[in-house]
Amino acid sequence: MNTPPLRLTHRQTDAHKGNFGRVLLIGGSRGMSGSIALSSIAALKTGSGLVTAMVPSVCLETVASFHPGVMTIPASDEDGHFAVAASAEVIDAVQDVSALGCGPGITTQKGSVAIVEHLVSMSHVPRVFDADALNILSRSNLTKRLTGDIVLTPHPGELERITGVSRKSRASQIAASQKLAQQTGAIIVVKGGPSVVVSPQDKWVNTTGNPGMATAGSGDVLTGIITSLLGQGLSTWNAARLGVWIHGLAGDLAARKHSQPGLTCVELLESVGAATAKAIADGGAEPSSPTALE
Ligand SMILES: NC(=O)C1=CN([C@@H]2O[C@H](COP(=O)(O)OP(=O)(O)OC[C@H]3O[C@@H](n4cnc5c(N)ncnc54)[C@H](OP(=O)(O)O)[C@@H]3O)[C@@H](O)[C@H]2O)[C@@H](O)CC1
Ligand SMILES: Nc1ncnc2c1ncn2[C@@H]1O[C@H](COP(=O)(O)OP(=O)(O)O)[C@@H](O)[C@H]1O
Ligand SMILES: [Mg+2]
């Protein structure tokens, strides 16, 4: 039996949505609305009480239409992506959030760079940086300014851009990630088959997942899962490990039903709830103790 690295506990019978975190997903652009929608829906399916997607205004209706439970905030846009003015709007949007995820579909245009520049130093909020947010970190030499609770989720191409270490050498990429974790305090998910989660002191190898997950949008789902767990109060190390485990199990459940080639981000997303249940003591069936996690 494949056991999770830690377990979520049952919800109290009198729980309300405010107990399970208010998370913000920032990203998307015209042509890549699906990416941030995937992250946002995955956060809902992992148990977040309130999920909001902040997207360029031009994408709002598209993103909102994927799932009625996702709220949306329109940000200033230009040519289909965030305008520079959006970076000031982000400051208001993050006021009450318990965690945020940034990067899927965001592009590396000026407005997105300005947003990521603000977010790197927002140490009061746990943050996940993925996709183009990682490309912005590497291009603008922003990794030195990372502070607070941060999870980075690079695939080998993104990791090469951040560390300069070739995607062809996995062992060297993992070693470089450990060094980066020590320099920044961030937890780094080195994606792959299997994914490896690296902390400044430790390393953990995932036991779930399959090559069917090598399909567009599957990483965007992971961003939402980890952001959700951070928003529910898990540490960066626990949220990254449990998030990667749930994500891989969702891929395994979906592949069993649809085959590996037949697996798309949609089938993966559909299995996130069932995979999350396997991380809860007794499969999440019986209500009992607090929301706390461990
Ligand atoms: N529906 C939507 O809206 C979707 C939107 N999306 C959004 O698209 C944006 C671009 O993201 P992206 O990851 O597609 O492009 P990019 O960073 O250039 O990576 C490609 C490069 O990295 C390499 N590489 C990748 N994986 C590797 C691996 N496992 N192992 C080794 N190498 C690997 C790969 O190398 P090669 O092909 O040469 O082997 C290539 O050089 C981003 O914002 C994302 O959120 C997507 O999420 C899809 C769904
Ligand atoms: N061969 C594989 N075995 C297990 N997991 C995989 C495999 N290939 C890809 N994945 C997983 O799928 C996800 C792909 O992420 P990413 O490349 O960022 O996708 P996207 O940007 O298209 O959403 C990662 O979580 C990665 O670990
Ligand atoms: Mg990705």
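Residue positions begin at 1 at the first shown residue.
Each residue, glycine too, has its Cβ placed from N, Cα and C.
Summary of the site annotation: TrEMBL records AMP binding at LYS191, GLY192, GLY193, PRO194, SER195. Screening the candidates GLY185, GLY212, GLY217, GLY219 against this entry identifies GLY219 as the one listed for that site. Cα distances from PRO194 (AMP binding site) to the binding-site residues GLY105, HIS155, ASP220 are smallest for HIS155. In this structure, GLY105, HIS155 are the binding-site residues from GLY105, HIS155, GLY193, PRO194 whose C-beta falls under 6 Å of some atom of ligand 1. Neighbour counts of Cβ atoms within 10 Å were compared for the binding-site residues GLY105, GLY192, GLY193, PRO194, and the top value is held by GLY105. Residue pair GLY219 (AMP binding site) / GLY105 ((6S)-NADPHX binding site) shows a Cα separation of 11 Å.
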